[in-house]
């Protein structure tokens, strides 16, 4: 029989396992019609950011009747990661999150998406996934893509939407954050309509 002290220790240790370093596993929950794995941009607040993540989620919920889950990738989102072509650890975590989501909810419409450095993570994660996994991705949507012009490996061009504003230096493979890079919230509705079109209801 456990002593009261042992029982207390067990209760104290239980939450620690729940907040271990992120591995990319998706928390068990009821499966949604649409599941989005989203990577925010450099210096944005975890985990969906503010420029487009929340707006895109709201637009998707409107399009799909609310049955949408968006999981933000937990990663540093710092400048060194951007300069490396996308945070390596975050890229791996995103790939793991895609695999986990499809394993947990094989019938969900899986969307991979990112903004700014998050777009780099989308490209990197897709390269790390086997073809059998990328074949199950319903759509890829990137806003302000630093890798503009490059395909998302394994995802057909018809299921990929890269949104880049005129004058966005990041989309021109630069490193300057100009006003056009901060206005992608206006594209949330169009992006959601694209997902609806290619993924179906």
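Every residue gets a Cβ built from N, Cα and C, even glycine.
Listed features, source Swiss-Prot:
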ACT_SITE  116  active site, nucleophile
ACT_SITE  168  active site
ACT_SITE  181  active site, proton donor/acceptor
DISULFID  31-105  disulfide bond
DISULFID  164-171  disulfide bond
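Overlay of Swiss-Prot annotations on the structure.
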residue	record	Cβ contacts under 8 Å, 6 or more apart
31	disulfide bond	104, 105, 107, 108
116	active site, nucleophile	40, 41, 42, 44, 51, 82, 143, 144, 146, 170, 181
164	disulfide bond	144, 145, 148, 171
168	active site	144, 178, 180, 181
Assigned element (helix, strand, coil) containing residue 116 (active site, nucleophile), judged by DSSP: coil
Per DSSP, three-state class assigned to residue 164 (disulfide bond): coil
